[in-house]
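The coiled coil annotation in TrEMBL covers 424-451. What TrEMBL lists as compositional bias 'Basic residues' is 300-312. The compositional bias 'Acidic residues' annotation in TrEMBL covers 316-328, 380-400. Positions annotated as compositional bias 'Basic and acidic residues' by TrEMBL: 329-352. Feature annotation from TrEMBL assigns domain 'J' to 12-77. Positions annotated as domain 'C2H2-type' by TrEMBL: 403-427. What TrEMBL lists as region 'Disordered' is 230-280, 293-400.
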Amino acid sequence: MESSSSNAAIACHYDVLGVERDADAGTIKKAHRKLALKHHPDKNHGDDQAAEKFRLVQQAYEVLSDPQERTWYDDHRDAILAGWSTGNQDNDASANMLFQVVPYMHPGCYSGYHNDKGGFYQVYQQVFDHIVACETKQTEITVDLPTAFGSADSDWNAVRDFYQSWESFSSALNFAWEDQYNVHEDAPNRRVRRLMEEDNRKARKSAKKEYNNDILQLVAFVKRRDPRVKAKMLEKERQKREEAARQKQEMTERKKEQQKAKDEWRENARRELEQAAEEDRMAGRIRLADLEDDYDYGGGKKKKGKKKKNKQSYHEEEEEDEEQVEAVDVDHPQRKDGELSGPEDAQRHEYSSESELLSSTTITDTQNRDPELSTATAPDYDDDNADYFSSDEDSEDDEADVWRCECCRKEFKSEGQMENHMKSKKHKETFKKYEAKLKKEEEKLMAEMMDELQVG
């Protein structure tokens, strides 16, 4: 079989583009652009010679712009330019046994992408028919390869199955003609015969690998230029873009719905809070959050290990108090009349001041509740009343002892707990606040009494 352009001289791709064989990709692209603009059919209406030059420029650029095809072309350039085809081969054994595909891995072997004679589909239909015929003629193994290359109007499923079958091509030939030695005649002994057989196996394997590679290169060459494959790839790319746009639109709508639901939830929560606050206001209830009381009532969540922490805090506060007492001893080493010199006296003074303050607080609270009692004198009790109170004290002694801290509003079951509490840092801070509060109330009360005396 001869190509449609066998009678015409085959031009080198590098000469068509006017570049050197070692030109880089940028130089080849620049030369192609310049020649394509020069010989483009739109600028040369009715000029067949310019149209043919434009076709050659396009074919040359398709080969040289692909690194893999350019490498293969460089390896077979001399054979292609020499017009290597199946019609003018020498008597080489491999040329007579195998169908040579190298001449058909060149864009000049077909005249265009049409179904007529010399066109893309007619030329490669014959090429694949010859390959299958060569396989089936020299082997008894059944070759299951499709030969219907089809036409421009073929169904895509048939085109896809065709390329999938040929892309896994492996020759069924044994390549026995590639043997370098005649083992039965040339081998003088068994050892030499084994070496000859090994060389023959290597030669067959190498030839089969080279032939399979040529067929796979041919299939890839044809597939890259098949208009049906290009159209399908464009359709897949379009579908891919449409799918990406659809997914993006769905994602945008989903985000809008989520944001809308979130805003509605926030609005409903705000309305519920406003409604609850309005109901509380109408019912005369006051929320704890609205109170401006800075007093710590010891509330809050219970934590694990609270008892251990309290014990540790007691010990730490005891150590702090001891350090403070030691500091007092250092500052006042000598005892004077009416002064404190030791930790015991300091604590006794603290307890006495606190008890006096608490007792005065009781009187002050009573005066605040009933102003008339503030000016009244304390009643005198006789001995009978003393006996009465002594009996009450005896009855109280029979009851369980309870120690209570009035300023902290806490009760303790033992004197030791009470002492530890009195030494605690928290009690001292609360006592200071309590003392300041009582002092302020006493000042206020004294001011009112002075006003009443001035008026009287």
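Backbone N, Cα and C define each Cβ position, glycine as well.
Heads up, TrEMBL stuff is auto-annotated, nobody curated it.
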(request) Take every residue in the domain 'J' (12-77), average their pLDDT values, and give the whole-number result. (result) 87
(request) Go ahead and report the DSSP secondary structure tallies for the domain 'J' (12-77): helix first, then strand, then coil. (result) 48 helix, 0 strand, 18 coil
(message) Can you break down the domain 'C2H2-type' (403-427) into helix, strand and coil residue counts using DSSP?
(response) 12 helix, 6 strand, 7 coil
